[in-house]
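**Student:** First the structure, which I've put down as structure tokens, then a few questions once you've had a look.
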Amino acid sequence: MDFLLLLLASGLVSGAAYGLIAMGFALIFKSTGVVNFAQGELVMLTAYISFTLYSTFDLSFFPLMLVTIPISMAIGLVLERLFIRPMLGEPIFAIVMVTVGLAVVLRGITIMAWGPDPFNFNAGIPTRVVTLGGVPFYPAQLYLIGALGVLTAAGWAFLRFSRMGIAMRAVAANETAALLVGISVSRIHAIAWMLSAAIASIAGVLFAANFKLAPDLWFQGLRAFPAVILGGMDSVIGSAVAGLVIGVIENLFQGYVGQGLREISGFIVIIIVLMVRPFGLFGSKDIERV
Amino acid sequence: MRTGHFKERTAQLVALSDSKVVWSFAGLLLALVLAAPFLIGNYQVTLLVSAMIAIVGAVGLNMLTGTTGLISLGQAGFLAVGAYTNAILMMDYGWPVWLSMPAAGVVSALVSLLVGVPSLRLKGLYLAITTLAFAFIINHVILYAEWLTHGPNGIFVSGAKVFGVDLQRGKALYYMTFGITVVVVFAALNIQRSRVGRAWMAIRDHDIAARVMGVDLLRYKLYAFMVSSFIVGIAGALISLQIRFVNIDVFALILSIEALAIIILGGLGSIAGAILGAIFLSLLPEAIRLFFDAFADTNSSFYTTYVYEIRGITYGIVIIAFLRLKPEGLIGLWRDVRKYWSNWPLAY
Amino acid sequence: MKNGLLALSAFLLASTASYAADPGVSDTEIKIGDVNIMTGPASFIGRAVSVGSKIAAAEINEAGGVNGRKITIITEDDGYVPARSFQALTKLIEVDEIFALNGTSGTANVLAMMPLIEENNLPTVVTTAPNELVYQPVRPSVFTVGASYSDAFYAQLKYIHENTEPENAVYGLIRQDDDFGGAVEAGYDRAVKEFGVKDGLRIRFKKGTANFAAEVAQMRQAGVNVLANGGIIAGAANILSEARKLSMDLQVASVWSEDMPPSVNLSAPAGYDYLVADYVALSGPAIDAFLEKAKKYASDEEVAAINRYTYVTYVGLKALAEAMGQCGQDLTRACTVEKLRELKDFDTQGISAPLSFDNPEQLSGTAVAVYQLNAAEKTFTALTDFADY
């Protein structure tokens, strides 16, 4: 197996994790205009809940997700209702700061409930190494890449064809106009949070299955920011692709340049992107230079 | 009862306050703060010094975020730049503290140019994300540029003396910090009512209109960022003097969030708000501690296991509650009280 | 000579200070401070430490206290943030008026507290951060228990070199890019230079990294078969799991955090029987006896939080109490510091090697033992006795 191939493969794995987390960000940003700083905490909380379900009922992966996803959606809904809905009409900035406060609270609650020790959590996925094209993978890594693929396709179809998805895009394009044609904007906001929480739970479970379940999992929320920017903030599909790109860039940087550069290469990319293509790879080009 | 405010000249309009009462209360407050070290214990003095440093940092950030409407998530990074500049100049190059501290501000302002030029051309949240990126990158630079920053080992900061007085402890530190805080607050108040300050507010309120009126957006945004970073750099230098040790762990990312929380709690765009917010959040952990000591059974296992996490959670809840219930912040609360007082018994 | 001068000055201080009682001591009580990580992901350390202090204090108090004075522990949280450690110690000194300090959080945290410790001549036993930065330069009132990460890695690599080294050995290092990682690299560096073995690759990573795929691929590319694994907990486990994926045949040396049960649970599935070196015992009669004691003095929840940090803190407080006891009724900080400096071969009932601070660095318990994990059974066997390196 070739060194480069190995780097590319592992880049895709970590990129898929970024992509999934970034999709959650983008979904909420697209329909509500809010950068959700509690996304990383949502990822962590849902992963821990899934862990408890797993260790109580001993489920395998798909049944586990069948239980985890609805619970996560309910959490998304509750958070939206309790913390975001009452802020409707306040400046975006205030709502963003509410998510910052929410992040602190969720982090504290998670550690209170599950303690600071990390857990081994394979989410019912087998751990035997499989080889694809000469490159070894853990099944959980393939699940991660697969999940990104499936969710990207599903997300695209949802936004393109479903009534709800089109309504969501309408809200993103112009909230007032959407309201005038009879779309319930607040309902769309709630749905965005529920779907985002669902994606967060998939990201969280698969991340934990690959890289252990620890209370610093929330940090991946910040790590996914380069992908969000590169994808263009408001593009759900773009974030997924950008996640993969960032993952591969990071691993190539580490492999060929080395010395801890991986952790900041993504952020260097952010600055370059903002200089040359501020709307990202797929974002809508209404960046104003005023 | 005052029946109204009639401003007849421009000077009255831009005056800091036209009320003798306000000035005398401010004077009384100043006198109280000046006398404080003789009235309270050393620990409380340390807390006050931390609160004043937080005020300096918050006033700096408020200029950028509150007055000009640009969000920065890189507060921790600029604090680190200021603290490290001060520490390196003092300890490795033997600069006296009265030179190294302004230098910390200048270096921090220069760095802000680097970050600001690519991102301030754009509207929206982009500065927030570049400054977040900056915080990560500066962390890397500090750890890896060992020849300059001593890498992960950190730097002990000692011997900050002016006329033989050690400025790093006790009352000397308190009065120096107090002096700097007063200067920074007055400078900020004055900039805000100058031509530059009005341009910043114009950019915040409506950038297109500001441009039509002849405000050069990029230039004034850069001014705001540089002035803000200068002040934050000074705050960083003060941190290095108080703690007497700088290390990358001192400037964790959470500081950026705390700084934003301070100015939001206080009331965005208001300098008095930034001051109130800084005092409130610096003293909140103490308040929570007192609350728990008074009302909780300190021997229960729930208490011993969870009290610390509960403190963290309370912090988040305070932020949320203020945004939800009183978005104008503490200063808004204060204004309400004042209105109620001066209009009583009539509702307004 | 230098030590003599220090002892003399301490004696002079003691003779003048004995009339004015130091803070934190009353006729019935001695207050000992503990600044620790009680919140956040690293709080497993702080919780373990506070259990260690609690057990030691309970045991001492039950046996009549220190010359009739009961020990009270006052814990402050710093959340692993140095600025808050500074605040916390200020509070302990000014408000609670502690007499001495036993828990000291992480390396950067001790360093942030150092100016206060020196200023107050606060007898301080550092047990959880035995880093060179802490004991060099020597601070008169600071006593460090434990071997450096450097010695711990040297000991393991020496064992591998002498006993189990594979043919065509290529050594590789992966370490964090901070002070802790620097200490790990120092031990690695000493080992490869001294043994004259091939130094394949040295990699640094950022704290909080989860994905080590690229690093392990680099290791494989360089042909590394003896790995100094400077990752901790989830990080170390992720490194081993990547190595398992690439079916690398490795001899692994690890950080002592890897001997704690949560770490073992994470790392064991990768199947590597890695080594650790630690300055406390991991199993055997000493530990069994300690756990019996723990059940007597601590709640079930606290017993569950016990790990190696509990043992080192327990040992640290016992040593501190011993020195305070030797001072008799006129207990002062200066006297405690002096007695700590004279402490020699203090028996820890096998939990660690005997403690002696009578050396220029005021550093004890530098002897480490090398242990090997049985990944299938998640148990450790001692490969060597406690020895200095």
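FYI, residue positions are counted from 1 along the chain as it appears here.
Cβ atoms here come from the backbone N, Cα and C positions, even for glycine.
In TrEMBL, annotation is done automatically, which means it is predicted and not curated.
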**Student:** Of the residue ranges B:71-91, B:197-217, which one carries the transmembrane segment annotation in TrEMBL?
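**Tutor:** Here TrEMBL associates transmembrane segment with the stretch B:71-91.
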**Student:** As a test: from B:71-91, B:97-117, B:172-191, B:222-245, B:251-284, pick the stretch that has the greatest number of Cβ pairs under 8 Å with the transmembrane segment (B:46-64).
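**Tutor:** When the Cβ pairs under 8 Å are tallied, B:251-284 comes out ahead.
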**Student:** By Cβ distance under 8 Å, which residues at least 6 away from the ends of the transmembrane segment (B:124-145) in the same chain are close to it?
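**Tutor:** Counting only partners 6 or more residues beyond its ends, the transmembrane segment (B:124-145) has Cβ contacts under 8 Å with 70-77, 80-81, 84, 111, 115-116, 118, 151-152, 225, 248, 251, 253, 256.
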**Student:** Residues sitting near the transmembrane segment (B:21-40): Cβ under 8 Å, six or more positions beyond its termini, same chain?
**Tutor:** 48, 170-171, 174-175, 178, 182
**Student:** Do any residues, 6 or more residues outside the transmembrane segment (B:97-117), come within under 8 Å Cβ-to-Cβ of it, and if so which ones?
**Tutor:** 74, 78, 81-83, 85-86, 89-90, 127, 130-131, 134, 138, 160-162, 167, 221-222, 225-234, 236-238, 241
**Student:** Considering only Cβ pairs within less than 8 angstroms, which of the stretches B:71-91, B:172-191, B:222-245 has the most against the transmembrane segment (B:251-284)?
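**Tutor:** Comparing B:71-91, B:172-191, B:222-245 against the transmembrane segment (B:251-284), the winner is B:71-91.
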